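S.K.: Pasting a structure below so you can have a look.
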Amino acid sequence: MDYFNYRDGELFAEDLPVSEIAERFGTPAYVYSRATLERHYRAYDQALSGRPHLVCYAVKANSNLAVLNVLARLGAGFDIVSAGELERVLRAGGSAAKVVFSGVGKQEWEMKRALEAGVRCFNVESDTELDRLNAVAGELGVRAPVSLRVNPDVDAGTHPYISTGLKENKFGIDIAEAPGVYARASKLPNLDLIGVDCHIGSQLTSVEPFLDALDRVMALIDSLAEQGIVIRHLDMGGGLGVTYDQEQPPQPSDYVRALAEHLGDRELELVVEPGRSIAANAGILLTRVEFLKCTEHKNFAVIDAAMNDLIRPALYSAWQAIIPAKPRQDGAEKNWDLVGPVCETGDFLGKDRSLSLQPGDLLAVRSAGAYGFVMSSNYNSRNRPPELMVDGNQVHVVRRRETLDDQLAPESCLPE
Ligand code: LLP
């Protein structure tokens, strides 16, 4: 559920008509809803309230400082994949003690920064990363808290580019080899082995693959106990899907309750790393129709947002709803391809959408709060859009629109 709804024939973001937001700030523009972010985070947190747990929002989904700050105020933890994301969390008021650090390629300086800040756990993805972390912790004279990210080899049934828990993926340590890697890690002096971690993919629409992974991870935890390695922290990663179109994923509360029930009375801290299911439907991308171009074969609506602003349709053939700010009642609907101004055939945000359109119409691309702005670029030297956050009947600029000077500032010509 989100707070982008029609009232009297007009789309609202919480208590503001999106047309007013577009007039004030221009288009394209990302608009987030604070109430929606809070609602989604709380759904996870409250469903786990009976047991030790930590909801670590996956910063990569939407790393705007205001988004992180809204969640930090609710006591959220954070899942990061770089020192840059750690810096954002800290500047947004998040607590390092609630940060888990994931990712296959952590550099030494990033490990050092995270150890100095005092993160809760490193999700280590390979044997060689263990050695690097052990060395960096040794130099600092500290012990690094570690979970090994295991690859449970389950099929998440999602798009191959965002499926991560299969043997052929680059992520994690093969679960069959994990006992050996734990045994070796337990001998490294500067590591504190506290947990097991897995993440099997993104946009999953049923709980079965998660439960399947959990069964395998619990069996691993039991065999580690026999080796004398006691695991206290179990991180099931992120990956719960959202409704973009007709998908019917479980609600966050049902999903985490299923995990908790499966765990029974084991004394483990349950960690989850949701990104999309918190942020996606808490954001829209506002865009205006520039031109209508009807050919013999196709009707194109050229809009002012493009693949550089939102790349998911071009990159994954992702489908996101595109709805009018003020639906026309003239019955003149046609099938439109909504294309941007970038010079690529793949520059579309939607295809074959039945809409009644006129130049100047305002549209909203839904479910754009996750993997939207964060994956944007300056391709074609386009300024990236602003990010705005609605809170009731207020709207705040949480990232201003880029200017050409912003874009060009880091560049220079060759000397004379
Ligand atoms: N934890 C780890 C270790 C991850 O790799 C990810 C996402 C998450 C948590 C958060 O997963 P979520 O709850 O958001 O599914 N750009 C793609 C999605 C890439 C996801 C990468 N990893 C998209 O736009 O669909």
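Just so you know, glycine gets a Cβ as well, placed from its N, Cα and C.
In case it helps, TrEMBL gives these features for our protein:
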DOMAIN    30-369  domain 'Orn/DAP/Arg decarboxylase 2 C-terminal'
DOMAIN    35-280  domain 'Orn/DAP/Arg decarboxylase 2 N-terminal'
MOD_RES   LYS60  N6-(pyridoxal phosphate)lysine
BINDING   GLY239, GLU273, PRO274, GLY275, ARG276, TYR371  pyridoxal 5'-phosphate binding site
BINDING   ARG276, ARG312, TYR316, GLU344, TYR371  substrate binding site
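For each listed feature, how buried is it and what is near it?
M.R.: According to its DSSP assignment, LYS60 (N6-(pyridoxal phosphate)lysine) is helical.
Over all protein chains present, the Cβ of GLY239 (pyridoxal 5'-phosphate binding site) has 29 other Cβ atoms lying within 10 Å.
Long-range Cβ neighbours of ARG276 (pyridoxal 5'-phosphate binding site) (same chain, at least 6 residues apart, Cβ-Cβ under 8 Å): ALA58, ALA61, SER202, GLN203, GLY238, LEU240, GLY241, VAL242, ALA370, TYR371. In the three-state DSSP classification, ARG276 (pyridoxal 5'-phosphate binding site) falls within a helix.
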S.K.: Have a look at the binding-site residues (GLU273, GLU344) and report the one with the fewest Cβ neighbours inside 10 Å.
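M.R.: Taking GLU273, GLU344 as the binding-site residues, the minimal 10 Å Cβ count falls on GLU344.
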S.K.: Greatest CA-CA distance (Å) over the residues GLY239, GLU273, PRO274, GLY275, ARG276, TYR371 that the record ties to pyridoxal 5'-phosphate?
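M.R.: Across GLY239, GLU273, PRO274, GLY275, ARG276, TYR371, the widest Cα separation comes out at 15 Å.
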S.K.: Widest Cα span across the substrate binders ARG276, ARG312, TYR316, GLU344, TYR371, in Å?
M.R.: 27
S.K.: Only counting partners 6 or more residues apart, tell me which same-chain residues put their Cβ under 8 Å from the Cβ of ARG312 (substrate binding site).
M.R.: ALA318, GLN320, TYR371, GLY372, MET375
